[in-house]
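**Q** I'd like to ask you about the structure that follows.
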Amino acid sequence: MSSIYTLNLTALLALNGALFYSRQQSQDRLSSTSVSKDSTKANEDVCRVRSLLHSPLTPFLSVYTLAMASDWLQGPFLYPLYKDEHSLPPSTIPVLFTTGFLSGAISGSFIGSLTDTHGRKTACLAFCLIYSLSCLLTTSSSSLPVLFLGRILGGLGTSLLFTVFESFLISDFKSRGLEGRLGETFGVMSTVNSLVAIASGVGSEWLVGATQTKRSPFWLAAGVLGLAGGVISYSWKENYALPPKTDDSKKKKDAAEKTGRSSLSGVLSDPTILALGLSTTIFEGSMYLFVFFWAPALQSCSPAGTSLPYGVIFAAFMASTLASSLVFGKITERLPFSYLLLSLLGVSSFCFFLASSNTSSSQFTFWVFCLFEACVGMYFPTMGYLKGKLIDDNVRSQVYGFLRIPLNVFVVVALLITGRMEGGKAFVGVFRVCAGLLLLAAGGFWGLVVRRRGVDV
């Protein structure tokens, strides 16, 4: 069984190699014929982005890579660790996951405002400490209080991971007048993230085989976080919410309040932000439920007693994510970001429908999951660009944290309901609900954003 998944991974890596080569050839042809004023201006803009490699972008990408690696290393083995090494009953595992998401929901209500006020560098250092403690507590004991504490810290760390790093980058780019390059930069980050995830999946699988324990990826993740904290302390400058400019600041503040983007109460009344929040909640909520259910879903489709190569399968998923990020730039040249997000919501809904309709073929289910991961690869740079353009920087971290509250509540409710289901195929019902909700999100986004604003975003 492991050989077929290894073959699948090899095929996906070959596809990525072909896409890398094709993109490089396209860039070479473009550079050899670019003589117009427009292309000269574009090249100047690219040079401005590349110049950041000699200032804070290099340490940022280094830390971002390490932070994401710490998450990807442990991700494929959290469920197997609880099930196989801690020998927890099946009814307890969903409660642990629920605790993590509930922690993320609660912390989302205050993390953003604290980050905007006290600095994003400080918040990133806090993430490194909190997440490393979560890794150590998750592996140190099979005691339920210790495991629950580990999940609480894990939920808090996840909220920080997906809030403060993006806020730091966007604020830095805007202070340098580079907000026009955010779409390209998020595409690069998605590619880097996918490469890190593939390496982490293969590396964690090898590490588990070498150490004969599923605890080892968590130990390595804690060490990686320590290294990330050192880089942040040494090379980052503190980054706060950008204050309004002194000239006409009162007028700008009033205008911002009228558009509903200067406070959390305003967010609730802004249809565009509401549509983004709905899309974020349902897509990322479905993604987190997928993270919890892909292993039991594939296991239920496999012969009894089969041991799945979790790290290899995870690496294959991430190779799918990488492939989509490699074509992201070409797609956004032809398709506005708002239309791309609408398409991703629709295709993801179709993936969950297929996964819930066929529960007998592990390979069919595997490739459907790969298609969903390809959607994930384009979703994050797309949503990052849209949030960067539509959300005011003065309350960016606060709004990002707020948007994670309904996301975590959605996952908590889903896991609580799942925990009461009988049988080993509870994922079927969950996937069907996700399919329907993703269609709902697509409809809401079309009505509140695409139809109202057209190609504006």
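If you go along the chain as it appears here, the first residue is 1 and each next one adds 1.
In case you wondered, yes, glycine gets a Cβ from its N, Cα and C as well.
Keep in mind that what you see is a predicted model, and the values were worked out from it rather than measured.
OK, TrEMBL features for this one:
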SIGNAL    1-24  signal peptide
DOMAIN    51-453  domain 'Major facilitator superfamily (MFS) profile'
TRANSMEM  91-111  transmembrane segment
TRANSMEM  123-142  transmembrane segment
TRANSMEM  148-170  transmembrane segment
TRANSMEM  182-204  transmembrane segment
TRANSMEM  216-236  transmembrane segment
REGION    245-265  region 'Disordered'
COMPBIAS  245-260  compositional bias 'Basic and acidic residues'
TRANSMEM  273-295  transmembrane segment
TRANSMEM  307-327  transmembrane segment
TRANSMEM  339-358  transmembrane segment
TRANSMEM  364-386  transmembrane segment
TRANSMEM  398-417  transmembrane segment
TRANSMEM  429-450  transmembrane segment
**Q** Can you tell me the mean pLDDT for the domain 'Major facilitator superfamily (MFS) profile' (51-453)?
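**A** For the domain 'Major facilitator superfamily (MFS) profile' (51-453), the model's average pLDDT rounds to 82.
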**Q** So which of 91-111, 148-170, 182-204, 364-386 is most in touch with the transmembrane segment (307-327), counting Cβ pairs under 8 Å?
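**A** Selected stretch: 182-204, with the most Cβ pairs under 8 Å.
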**Q** Okay, the transmembrane segment (273-295) and the transmembrane segment (364-386): do they have at least three CB pairs under 8 Å, pairs separated by 6 or more?
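**A** Stretch pair touches.
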